[in-house]
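What follows is one structure encoded as structure tokens, with my remarks underneath.
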Amino acid sequence: MGEERENQSILITGESGAGKTESTKKVIQYLAAIAADAHAPSSTPSHSQSPSLAGSGTFNAVVPTVGLPRSSSFRKHTKGMSVSGSGSGFGGLNSKGRLGLLERQILQANPILEAFGNAQTQRNNNSSRFGKFIRISFSPDGSIAGANIDWYLLEKSRVVVRSEAERSFHVFYQLMAGGGSLKDTLLLDGDVEDYEYLNKSRREVDGIDDREEWSLLKAALDTVGFTSAEQFDLFRVVAAVLHIGNISITATRSDDAAMPDPSQAERVCHLLGIPLSEFTKAVLRPRVLAGREWVTQARTRQQALEELSALCKTLYEKSFGMLVERINRALDRPSSKSTFIGVLDIAGFEIFDINGYEQLLINYTNEKLQQFFNHHMFVLEQEEYAREGIEWDYVNFGLDLQPTIDLIETSGATIGVLSLLDEECIMPKATDRTFTNKLHAIWAVEPPAGEEPHPGTFKYEPTRFEQGFIVHHYAGRVEYRTDGWLEKNKDPLNDNLTRVLAGSSEHYIASLFADYADAPLPTGNALHAATIGRKRITKKGAFRTVGQRHKEQLASLMGQLQSTQPHFVRCIVPNTLKKPGRVDVPLVLDQLRCNGVLEGIRIARLGYPNRLPFVEFRQRYEVLTPGIIPPGYMDGRKACLRMVDALELDKSIFRIGTSKIFFKAGVLAELEERRDALLFDIFSRLQAVARKFTARRQMMKILNRHPEGEGQPRDRAYQTGRRDRGSDIVRQAPASV
């Protein structure tokens with residue numbers, strides 16, 4: 001990135017519980033430390049703060065970093081080269097405590113996102129329930145210029161329902177454990193077991209101290225720059241979700257929904273800044289458009305509960321989006337000259353006993369990322385060999401995942417799962433069962449005689465359930481249940497509720513629903529109704545399903561990744577027990593095989609994974625072959641041929657193309673070791689000469705300290721001899737220095 005000004009990306013992938021989130025944090029910590037290191041003040045004495053070299057009794061040999069070795073051996077050789085009293089080596093920067101505000105804010109954004117977006121699951125105590133792509137921008141001098149976070153597919157349904165063995169998002173338990181007086185302000189006068197959205201599943205996790213995590217969350221919010229009012233708004237939404245879950249809805253004799261105890265609703269309305277009467281009316285008896293007239297429609301108990309659940313999910317998701325937007329404003333530092341390193345952390349591949357719509361979207365995302373890896377690793381690699389004209393027999397590794405991707409996303413004559421689901425969402429009498437039956441009719445039947453079956457048909461099969469199907473993913477066979485898929489994809493929300501919330505007296509709540517603000521519901525004729533309907537369509541735009549939004553986000557992400565130089569980090573689940581020090585060998589081997597790691601090793605051994613342009617190879621390693629290339633211009637290919645001959649490299653470990661030289665794995669590392677050793681020798685000799693120079697200069701000062709009028713002839717003789725000896729030193733200095 002520094003040399004070629006090319007954006008980079010780091011894709012951290014693996015199954016759920018493999019350690020992707022922790023790896024992401026380590027990568028970001030490393031980048032922040034390296035950037036602080038690069039931007040730190042040099043330990044080299046400057047004219048303004050230290051004596052000059054000639055007048056100093058010490059000399060710091062600070063090795064330049066630009067263009068020097070990338071391997072660790074050079075650091076090993078140069079460790080302790082400083083001869084000053086500080087012994088600082090490369091400047092001795094300890095990044096701990098020396099990070100700038102921006103670097104600290106980038107690091108502290110992680111605890112905030114984890115609190116609001118991570119949860120304990122059956123396979124992972126800190127599972128990311130959303131995806132994020134963190135772009136860290138760097139200035140030309142290597143310092144961090146800013147950062148930006150894109151987020152994807154928050155599992156918002158977790159706030160209302162989850163498996164009994166799992167928890168909701170961390171922030172709910174952190175607030176309940178450490179909120180203190182804030183809980184009183186938020187009207188949270190109970191414990192975890194007193195709230196319906198928390199007491200139906202696991203409440204505590206071994207190894208997680210929610211009170212301590214609350215303190216870390218508050219400190220992180222302060223560091224990133226959230227004001228007290230902004231923090232209160234975030235927790236206002238968390239508390240409102242808990243209170244909504246405790247609203248009691250009963251059924252009357254006519255099966256209409258009723259709210260016998262409005263106390264919880266009063267708390268909700270107080271926190272959200274909306275009138276109680278408008279809220280209860282929107283939940284129990286909303287106005288709906290029937291034909292061309294607006295009418296009041298009584299809800300059943302189940303309908304009212306579903307609308308409250310939908311409100312909680314939307315409220316939390318919108319607040320999460322606003323949270324990320326606020327973090328981005330704190331981290332944003334516009335710069336036209338910056339390049340970025342993007343770090344991708346996406347929810348890992350999931351296979352549960354019961355897999356639903358959320359699992360399909362997560363696994364579809366992982367399928368696309370795995371295809372990106374396969375294409376980059378196996379297809380583009382061999383295409384470059386062909387372009388460069390090196391000797392190579394094409395190998396088909398059989399890792400094309402496009403049939404599975406088409407099965408999920410394709411549209412047209414043969415329609416995929418998500419496209420068919422979108423189509424069913426606009427059909428008047430469609431159900432989950434009709435959707436499943438149509439899937440079977442498209443993908444589980446033999447094609448007409450003489451027609452080739454779609455490749456995706458080999459990845460699909462019906463299931464034992466009445467409503468479900470099976471997809472053969474790269475990571476395994478997954479059985480999906482289609483119960484509730486149409487509602488999840490439509491993600492409906494009561495227009496009456498959103499309009500009430502858009503008019504909230506609390507600015508934060510009103511801003512979350514600003515897109516839903518509209519004129520008051522009419523009581524007049526059909527013309528008014530049609531006019532309002534047109535306004536709503538114009539303001540909100542076309543209806544988009546969850547699947548459509550996810551496909552658009554994923555396409556945008558893949559476009560960004562394709563414009564970067566990607567690097568892949570594979571996280572592996574060692575065992576399914578969440579126990580340290582245990583390795584399930586068959587489980588690990590299966591992941592390595594499914595993720596393409598074994599095939600990647602195979603192509604790395606067969607091929608030439610390291611390559612350098614001719615100019616860079618000559619510039620970097622000509623120091624190892626002095627005198628081989630004559631002065632003046634020489635063709636890059638010829639120069640490389642001369643250099644590899646002088647380096648005595650075996651012809652089987654390299655290939656020379658039309659613009660690059662390719663090496664087997666490990667060859668460049670060996671050349672780096674040889675280069676490091678030579679540079680260490682050069683800098684050691686340079687340092688020795690500099691030490692000698694400064695020591696003699698210091699000795700001259702000592703000898704010149706004599707009583708006035710004494711020893712002058714001796715001093716003059718000393719200085720004359722010193723000049724002669726100095727000439728000898730210069731003549732004897734190594735030419736390479």
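Using the three backbone atoms N, Cα and C, a Cβ is placed for every residue, glycine included.
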From 278-300, 370-392, 554-576, 600-622, the residue range that TrEMBL assigns the feature region 'Actin-binding':
554-576
Looking at 1-20, 41-60, 121-140, 481-500, I want to know which stretch TrEMBL calls region 'Disordered'.
1-20
Near the region 'Disordered' (1-20), which residues from the same chain, at least 6 beyond its ends, have a CB less than 8 A from one of its CBs?
27, 121, 123-124, 127-128, 138, 140, 142, 339-350, 366, 369-370, 372-373, 475, 560-561, 563-573, 578, 591, 595
Cβ-Cβ neighbours of ALA18 (ATP binding site) (radius 10 Å):
22
LYS20 (ATP binding site) - helix vs strand vs coil (DSSP):
helix
Given the ATP site GLY14, GLU15, SER16, GLY17, ALA18, GLY19, LYS20, THR21, its other Cβ neighbours within 8 Å of the Cβ centroid, in chain order, are ASN124, GLY348, CYS571, VAL573
